[in-house]
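To start, the structure itself, in structure tokens.
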């Protein structure tokens, strides 16, 4: 029986692909070496310990239907579109060695005619007239008996959108969590015009087989049917949930302030696991009672625009004369936390 396994995903769904990756990683025999090739449509992928509100322009992502996906490895935030090729190498210990998987990717690039080299802890760079440019970033995860190395290759990514979604709004977030390091990047199409995802996958596959001296048939993972993988439905449900992608953010505080025609308002939220643990309201409004009531209602509320709006509008029953103020407040808060 071969010790190699090759999987290729036809899905562009980041939650689907990360769930497949997690399933394979959990159930693979310790003697197996796995290569999984995939790509995602418009997605910001954040590291396990990151705060999406700090790392991303979550409002613009929502407007443009860009998904958020939290991965199980560490590292920083990256934007994926179909101009990226994603790879995952998995192996049991002691065979797991990220220098081997890095060399396989470098060999694949070399076979395509690109001379790249490893830089720092997790990047691959090429030399250009403007200096070194990053074409690949990686992240890693290890457990007691196995590990994986996954990363992306920039083929023809829309680099203008990197700045759109990875530069967060200037929110007043006093947040813990790992801050992404921005790097100067370039696409492989600058060096190899017309290079395709299929060509890159083929080159990585050949380099993978060459390193281990054996070949296997590819297993195609299709979004059209549920993969025959242990606990896939459960893992996909978690991977696609708000509780995992947003709610796992490290604790942080968010300070909002705005001046309305009826008075100034300052809101201070403390947020843990995606829930507001403390809400304070300060105002010079002549009628502060609705705002004081709102602070009480927001305690324990999910830090999500629709939930905050719901709590604001629930106050209309008790404060019908302040409908205009409460609706203005509701719209403002929802916009500020998106």
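Counting begins at 1 with the first residue displayed.
Glycine too: its Cβ is placed from the backbone N, Cα and C atoms.
Annotated features, as they stand in Swiss-Prot:
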type: DOMAIN; residues: 29-216; note: domain 'BPL/LPL catalytic'
type: BINDING; residues: 71, 76, 77, 78, 79, 134; note: ATP binding site
type: BINDING; residues: 134; note: (R)-lipoate binding site
Task: Cβ neighbour count within 10 Å of residue 79 (ATP binding site) - done: 23
TODO: Going by DSSP, give the three-state secondary structure for residue 134 (ATP binding site).
DONE: strand
- [ ] Tally every other Cβ atom lying within 10 Å of the Cβ atom of residue 134 (ATP binding site).
- [x] 19
Task: Nonlocal neighbours by CB distance (under 8 Å) for residue 71 (ATP binding site), same chain, sequence gap 6 or more - done: 18, 45, 46, 47, 48, 139, 150
